[in-house]
Amino acid sequence: MQDRIIGHFGASIETKTLSAEELPPYIEHASQIMVNALVSGGKILTCGNGGSAGDAQHFSSELLNRFERERPSLPAIALTTDPSTITSIANDYSYNEVFSKQIRALGNPGDVLLAISTSGNSSNVVQAIQAAHERDMVVVALSGKDGGHMTSLLTAEDVEIRVPSDVTARIQEVHLVVIHCLCDLIDCALFGEE
Ligand SMILES: O=C(CO)[C@@H](O)[C@H](O)[C@H](O)[C@H](O)COP(=O)(O)O
Ligand SMILES: [Zn+2]
């Protein structure tokens, strides 16, 4: 079984190496979108399912609390954290609307939606992107595989960071590095390079 374990590490390293070659321009662009929103008084909403819900919460917590340095709190809300809201929307309407209904209430022009989906096909994330555009928000899509339905919804204002892999776990492992890159770039832009 240790060969399997080593295989996971090897595949993760391989995917990260390929991502390090392909993704930096998209990550930098995404960070600029987020910084522009934050300096204009906007906030960042985040969403995703399963492991990507964890990533959505991981990112919002690092803005609200801190990443690696002492700095003021930054405005971010994970749309994945309130079971009463999520279960009531899913129960009364549809699970596909659990993020979009929140965005219609919380999102404002100039805010950013970080939409996370390894397949790009999770309906509630797709509908979240549609709702964000209705609210004149900008979208940063964090995806993988062929980008799925999410990709076709993005405008020229948005950016997609698509991990070059078809394996959900490997994509998620790169998403975490991307989230930390975004936090670092935001801190550098707002509070100076250390
Ligand atoms: O974390 C994992 C797999 O590693 C799963 O929980 C995974 O997040 C779930 O299957 C999600 O429903 C997948 O959705 P998505 O990434 O395609 O949007
Ligand atoms: Zn996972």
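Keep in mind that glycine also has a Cβ here, set from the backbone N, Cα and C atoms.
Database features, via TrEMBL:
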type	residues	note
BINDING	Asn49, Gly50, Gly51, Glu62, Asn91, Asp92, Ser117, Thr118, Ser119, Ser122, Gln172	substrate binding site
BINDING	His58, Glu62, Gln172, His180	Zn(2+) binding site
DOMAIN	34-194	domain 'SIS'
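Locations of recorded TrEMBL features on the structure.
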residue : record                 : Cβ within 10 Å
Asn49   : substrate binding site : 20
Gly51   : substrate binding site : 17
His58   : Zn(2+) binding site    : 16
Glu62   : Zn(2+) binding site    : 20
Asn91   : substrate binding site : 9
Ser117  : substrate binding site : 30
Ser119  : substrate binding site : 19
Gln172  : substrate binding site : 22
His180  : Zn(2+) binding site    : 15
Pairwise CA distance, Ser119 (substrate binding site) versus His180 (Zn(2+) binding site), rounded so that it is a whole Å: 21
Cα proximity to Ser117 (substrate binding site), best match among binding-site residues His58, Glu62, His180: His58
Where the C-beta lies under 6 angstroms from ligand 2, the matching binding-site residues among Asn49, Gly51, Glu62, Ser117, Ser119, Gln172: Gly51, Gln172
Spatial separation of His58 (Zn(2+) binding site) from Asn91 (substrate binding site) - C-alpha basis, Å: 26
Max pairwise CA distance, angstrom, over record-listed substrate binders Asn49, Gly50, Gly51, Glu62, Asn91, Asp92, Ser117, Thr118, Ser119, Ser122, Gln172: 32
Entries of Gly51, Glu62, Ser119 (binding-site residues) sitting next to ligand 1, with Cβ under 6 Å as the cut-off: Gly51, Ser119
Integer Å distance between the CA atoms belonging to Glu62 (Zn(2+) binding site) and Gln172 (substrate binding site): 17
Rounded to the nearest Å - Cα separation of Gly51 (substrate binding site) and His58 (Zn(2+) binding site): 10
Pairwise CA distance, His58 (Zn(2+) binding site) versus Asn49 (substrate binding site), rounded so that it is a whole Å: 13
Secondary structure of Gln172 (substrate binding site) (DSSP, helix/strand/coil): helix
